[in-house]
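Undergrad: Take a look at this one; I'll ask things after.
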């Protein structure tokens, strides 16, 4: 509600949205077994497609039509993200592909390079991803700032700093100096160091204020502090009971290896990108959106401090979505009617196929989601008869139940 009291109309819209989303989930859950039974009756048997994939596709198609159009792209992006990882797990389980060490880092670096290239170009930046990039790498790298240099804060001149410092010395009283406390000396010394760093050199084509060194360090320190603070706060909240019972654990919660991972990633990404951008501007004596390619690739390697498959795949699909939208606007590719709906239905079908026939290849968190959403019904479906397809489904189900700490619900509890 953007920090204000919502109106009666907005409250009604919020409740309507909740009801529509609930109807969407309920329809999907109800229609899946319904279509499975219908296909079984129509075909007279089950096969690899009719047991889960086709029923899920039809159920998803009916359900997504009930959801708000503004939510469909977000839902399609989420399930496609999970389905991509599931397809890779399925291929690796069959021996068709092999996991690449730090593969998620390479995916993130390549996808982020594409996003930064668009960020520095003249494309429309209505997507929320560009707002995130504007926060991480700063607004000065965005296209248009170099042409509006008069709107930027003035650059600090080292001679001006020295003259201002000498003027302050002249205005000081000649009375006997009193010893100063550390509360005065430390902030004053820190402020002088900052001013000196701000007054270092900056290339004429650099769009940012102050020196390149200050520009790089400021973003790195700010994002490192943000990432570290988020990790520590989250860890303290998760261990709050233990910390209250045993206060000696608090220093360990504040200083541990995992607490620095997110900060190192965010700070390192910002620092490397800004440093490389300034370096390339100095080397070629001009600014260019193509500088985002080497700078983005090197900055993306900082993802190695905080590797995560979900984030890497999300950034990859987000870059592909923006690339596809930009290509449509330029007339390079046609718009596929209902493409978002078809992508959602296909991705959901992949997830339901894995949940029923090969649950070992499904992301554990998504299995827990399906188990909770269905009230445990996804686990009580008979897997013994599905062993005929040769994938050891019943054995895999028992392993997944033990691994995810979920259980088989008794039939009496489902009534």
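Glycine is treated like the rest: Cβ placed from N, Cα and C.
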Undergrad: Check each of the ranges 176-196, 197-217, 260-280 against TrEMBL and return the one annotated as transmembrane segment.
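TA: Checking TrEMBL against the ranges 176-196, 197-217, 260-280, the transmembrane segment one is 260-280.
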Undergrad: For the record in TrEMBL, which of the ranges 292-316, 367-391 is the transmembrane segment one?
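TA: Based on what TrEMBL states, transmembrane segment spans 292-316.
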Undergrad: State the residues, same chain only, that lie 6 or more residues beyond the ends of the transmembrane segment (336-357) and have a CB under 8 A from a CB inside it; answer 'none' if no residue qualifies.
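TA: Counting only partners 6 or more residues beyond its ends, the transmembrane segment (336-357) has Cβ contacts under 8 Å with 28, 32, 48, 51-57, 60-61, 64-65, 72-73, 75-76, 79-80, 82-83, 86-87, 89-90, 366-367, 370, 378, 381, 383, 386, 389, 391, 393.
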Undergrad: Check for me, if you would, whether the transmembrane segment (292-316) reaches the transmembrane segment (47-66) - at least 3 Cβ pairs under 8 Å, residues 6 or more apart in sequence.
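TA: Between the transmembrane segment (47-66) and the transmembrane segment (292-316), which are separate recorded stretches, there is no contact, as judged by 3 or more close Cβ pairs.
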Undergrad: Could you tell me what the rest of the chain brings near the transmembrane segment (47-66), counting residues at least six beyond its ends with Cβ under 8 Å?
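TA: Distant Cβ neighbours of the transmembrane segment (47-66) are 20, 23-25, 27-28, 31-36, 39-40, 72, 75, 341, 344-346, 348-353, 355-357, 386, 389.
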Undergrad: Using DSSP, what's the helix, strand and coil tally for the domain 'Transmembrane protein 135 N-terminal' (11-91)?
TA: 72 helix, 0 strand, 9 coil
